[in-house]
């Protein structure tokens, strides 16, 4: 597909470390002068969306390049889980909050003219809620981003007013509906959906132990949620995703080698899809 002249809204799904795949797709789009008018995300995709909406691709690459084996959200596992059994989460969210504060700036998004939106889950009411950045709610931006990224049981919920909020991926992992509802403001005529958490592994062997069976159950639940709404797309919507699943634990793999591989895969998938369409 020739993207020249197209007004594109990007829709970025959640997926933890797998969201590095989105960075590769964005790199290809930027290199080919894509006209981005909207950027909508959930969880890790919301953080990517914010940097994209700032028109700050260098910042996006710097963020993902900052992860190392020694600097990871998950270095506390598994001991941290047991230490936090009676708390709301396994991990301290401070590193995540620092990343959001360091790399994102809502005023830059407003100046860029690119629409930004994120999905979060109201854990108090059990409902999906959306946030679209505007001058009127500028002060709520960081809380919304923290909430959308607060993976349940891993990071603690974020309190906004009288309610507790968590990862938007629980209620809408790929915010295509939000992007389409905002079309009157973005004026997009092409929606590029990047789904990075295609998690199903190869066939489960008949002799699988209890642990592998349990993880397979989680894989199926996550994959079913991800596929919901993506099987029948309208002509104005393109889906980009990995060729194969990565498995549940890949969402926790923040090793630089793994992240750079995902970025490369995303770039190659975008190049193949757009140049062959």
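Glycine too: its Cβ is placed from the backbone N, Cα and C atoms.
Automatic, uncurated: that is what TrEMBL annotation is.
Note that the structure is a prediction, hence the values are computed from the model and not measured.
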Motif 'GXSXG' per TrEMBL, picked from 36-40, 41-45, 46-50, is residues 41-45
Sorry to bug you, but what's the C-alpha spacing from residue 43 (active site, nucleophile) to residue 167 (active site, proton acceptor), rounded to the closest Å?
-> 6
CB within-chain contacts under 8 A for residue 43 (active site, nucleophile), separation at least 6 | 13, 14, 15, 16, 19, 148, 149, 151, 167, 168, 169, 173
Tally of DSSP helical, extended and coil residues in the motif 'GXSXG' (41-45) | 2 helix, 2 strand, 1 coil
